[in-house]
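Some notes on the structure that comes next.
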Amino acid sequence: MASLVKPLLHVAVGVILHQQQVLLAKRAAGKHQANRWEFPGGKLEQGETVVAALKRELAEEIGITVLEAEPFMQLQHEYPERCVLLDIYLVTDFSGEPHGAEGQPLYWAELSELDRLSLPDANQPIVEKLQAAFLVSA
Ligand SMILES: Nc1nc2c([nH]c(=O)n2[C@H]2C[C@H](O)[C@@H](COP(=O)(O)OP(=O)(O)OP(=O)(O)O)O2)c(=O)[nH]1
Ligand SMILES: [Mg+2]
């Protein structure tokens, strides 16, 4: 029988905003929310702080060193199979050149097109807040 209690996963998420674009990475086939365009990041390890997880995940996934990050928003979302607590940071300074270090495609998306791309279901409030805060209409 399936467990009635869903795990709550704490996830550090990094938004890299450059001019009017944000960096997305494609989630691999076979993973939860497969093939969606996510902000790079991942689950906290036992005893790890959010910022430490953010730095580790962005180093592992896109090969950059986060030098400065500031909290942007936190949200909880219930998927059918798990709950996630997303701790979203704006990465305001980093070194290195972002690349798909795990073979995943990366994409610089215009802020204005974010609502037309397939992102994880939990991400809609992030898109709305980013557009409200940073989107400059032409
Ligand atoms: N990184 C990231 N995860 C997100 C976003 N939106 C969203 O719902 N999630 C969810 C999808 C997953 O259920 C969870 C992240 O878990 P994950 O398993 O991909 O984390 P991880 O990078 O440590 O993965 P793994 O390689 O160890 O499997 O958060 C997002 O924008 N970025
Ligand atoms: Mg990840």
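Backbone N, Cα and C define each Cβ position, glycine as well.
Just so you know, TrEMBL annotations never went through curation; they're auto-generated.
Copied over from TrEMBL:
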- R27, H32, E38, F39, P40, G41, N123: 8-oxo-dGTP binding site (BINDING)
- G41, E61: Mg(2+) binding site (BINDING)
- 7-134: domain 'Nudix hydrolase' (DOMAIN)
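Features per TrEMBL, on structure.
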residue	record	CB count, 10 Å
R27	8-oxo-dGTP binding site	18
H32	8-oxo-dGTP binding site	12
E38	8-oxo-dGTP binding site	20
F39	8-oxo-dGTP binding site	24
P40	8-oxo-dGTP binding site	25
G41	8-oxo-dGTP binding site	24
E61	Mg(2+) binding site	21
N123	8-oxo-dGTP binding site	24
Average pLDDT across the domain 'Nudix hydrolase' (7-134), rounded to a whole number: 98
Collapsed DSSP category at H32 (8-oxo-dGTP binding site): coil
CB-centroid shell, 8 A cutoff, 8-oxo-dGTP site R27, H32, E38, F39, P40, G41, N123, site residues removed: V11, V13, A25, Q33, R36, W37, L119, P120
Alpha-carbon distance [E61 (Mg(2+) binding site); H32 (8-oxo-dGTP binding site)] in Å: 16
Nearest-integer angstrom distance between the alpha carbons (Cα) of G41 (8-oxo-dGTP binding site) and E61 (Mg(2+) binding site): 8
Pairwise CA distance, R27 (8-oxo-dGTP binding site) versus E61 (Mg(2+) binding site), rounded so that it is a whole Å: 11
